[in-house]
Amino acid sequence: MARNAAAVLISCALLLAAACQPAAAGYYKPPNPDTCGLKVGYYLAKCPAAEKIVKLVVGAAVRQNPGIGAGLIRMLFHDCFVEGCDASVLLDPTSANPRPEKLAAPNNPSLRGFEVIDAAKAAIEKVCPGVVSCADIIAFAARDASYFLSNGRVDFDIPAGRLDGRVSLESRTNFLPPPTFVLSQLIDSFRVKGLSTDDMVVLSGAHTVGRSHCSSFVPDRLAVPSNIDPKYEAAMVKMASIEVKTGSAGEVRSNCRVVN
Ligand code: HEM
């Protein structure tokens with residue numbers, strides 16, 4: 001079903017193709033999930049409640065509005081493809097940086113779920129201030145949204161230890177493939193992020209059943225099909241490791257919307 005759904009996405013993208021835009025290729029180094037320093041259970045000693053809190057907050061939000069779960073899955077994709085998985089998508093405009101990613105056309109006004117990340121972060125800050133990054137909260141939230149939207153069938157560990165970035169520029173969202181991309185451009189935009197055509201197909205399955213321009217084919221309420229391709233979990237983990245920041249390359253923000 002995920003493959004069928006992906007085929008729908010691709011044919012939809014082909015149908016919508018109005019122009020061949022240049023592929024955003026060759027700028028970033030592809031990720032290396034094995035060496036990027038992330039660990040399953042990273043917060044077990046540092047902040048044992050962290051993952052539980054995110055799951056509780058996401059579960060409550062998805063029960064109230066399943067579309068928010070779709071938004072959180074998409075948020076991980078939009079975060080990771082631009083500056084890596086570093087919560088750059090969450091930064092609000094400031095006078096020093098009036099045009100962050102969040103205001104770019106692929107995100108504004110369609111990207112949703114920001115208030116869920118804020119709620120999870122606020123609850124976590126109460127118990128372990130300054131420990132859990134917003135980038136990790138996005139990754140946990142996308143994983144948990146997949147869990148709730150699939151009624152528990154999609155259930156996987158996601159490694160953590162990402163730091164939050166300090167750069168967020170509208171201009172960098174050109175790494176997000178637009179719906180006008182033809183298949184070769186879509187494949188290329190995933191390849192430059194170290195993801196394969198297979199990864200693209202299984203991840204795009206989640207996309208297609210969300211609220212998309214192809215949404216007449218599929219219900220808004222189910223972001224993750226019940227018989228989802230088992231490769232979805234591995235592809236999510238891989239996507240969530242794109243160009244992560246560790247060491248001095250980032251920080252743990254106190255408020256996900258502003259740099260420290
Ligand atoms: C292959 C290239 C992709 C393109 C061109 C694309 C494009 C889009 C577009 C145009 C929308 C509709 C936004 C709106 O409501 O106006 C959308 C929604 C969505 N996409 Fe994608 N997408 C792609 C890949 C992905 C991937 C890899 C994922 C997840 C892993 C994903 C997850 C979603 C979800 C869940 C929604 C629904 C969001 C919501 O209802 O809030 N997409 N996408």
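For all residues, glycine too, the Cβ spot is worked out from N, Cα and C.
Take the candidates Cys20, Cys36, Cys47, Cys214; TrEMBL pairs Cys128 in a disulfide bond with Cys47. Here the domain 'Plant heme peroxidase family profile' (37-260) has a mean pLDDT of 90 out of 100. Of all Cβ atoms in the protein chains displayed, 15 besides its own lie within 10 Å of the Cβ of Cys128 (disulfide bond). Within 8 Å of the centroid defined by the CB atoms of Asp79, Val82, Gly84, Asp86, Ser88, Glu101, the record's Ca(2+) 1 site, lie the Cβ atoms of His78, Cys80, Phe81, Glu83, Cys85, Ala87, Val89, Gly165, Ser168, Arg172, excluding the listed residues themselves. Only Arg74, Pro177 of the recorded positions listed as Arg74, His78, Asp79, Val82, Glu101, Pro177 bring a Cβ under 6 Å of any atom of ligand 1; the order follows the sequence. Across the structure, Glu101 (Ca(2+) 1 binding site) and Cys80 (disulfide bond) are spaced 12 Å apart at their Cα atoms.
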